[in-house]
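Taken from Swiss-Prot, the feature transmembrane segment covers 41-61, 85-105, 137-157, 162-182, 200-220, 245-265.
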């Protein structure tokens, strides 16, 4: 089939992973509902579904890397399509966080009588934005600079320097996550403390989840860079990770300014 191909696009071979991922998602959904309603076997089905999804993700991405690195299917046209696809994914993530910011500003700009007609709600002790939040902002911005350093190193063909930069990025990301967990532990309010607690923990919590995903993404890129699987002309995976990380940086800046600083006044 490859010999008769007269175009630069990758026609993927039949794969079992889409159907296995669908079955894992079904098991996770049904198991989650059963678990929340205390049905017997719900926790087991939920766990199996999550394991199935994680396994499918691992082997599917493994196959994509094989098609790219070992089989040479990722031509310039395919790489361009992957870039467009990831840009659309980031746009969908923007809409995702837009919903949380909408909920926050809807509640804070016109506080209802149920929360005392003021913002922050009456009885809520807010966090000082100039302590851990400001430190985390500096850490995350530094990690963004480090991933840009890694990108320039890859483009310059300096493989070891790119690995060092990615290690620095991952370490800064881990420090950020640790401080965020410390902040949650010390927070004087919980997710059930009025709309303030709900919007705070949902927005910052999902951002933290994205930081963890981005950290794993960068770890994989660092391993691939160490193994010599990325070149200055072929590093779409790293570009996607860098775009994702810069998106995480920008979201955090909006969170810091709106929720921590303005919303805590």
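Backbone N, Cα and C define each Cβ position, glycine as well.
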Against which stretches of its own chain does the transmembrane segment (245-265) lie, if we need a Cβ under 8 Å and a gap of at least six residues from its ends?
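The answer is 90, 93-94, 97, 101, 104-105, 108, 119-120, 126-129, 133-134, 136-137, 140-141, 143-144, 147, 169, 196, 199-200, 203-204, 207, 210-211, 214, 217-218.
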Against which stretches of its own chain does the transmembrane segment (200-220) lie, if we need a Cβ under 8 Å and a gap of at least six residues from its ends?
93, 96-97, 100-101, 103-104, 140, 147, 166, 169-170, 173-174, 176-177, 180, 184, 189-191, 237, 240-241, 244-245, 248, 251-252, 255, 259
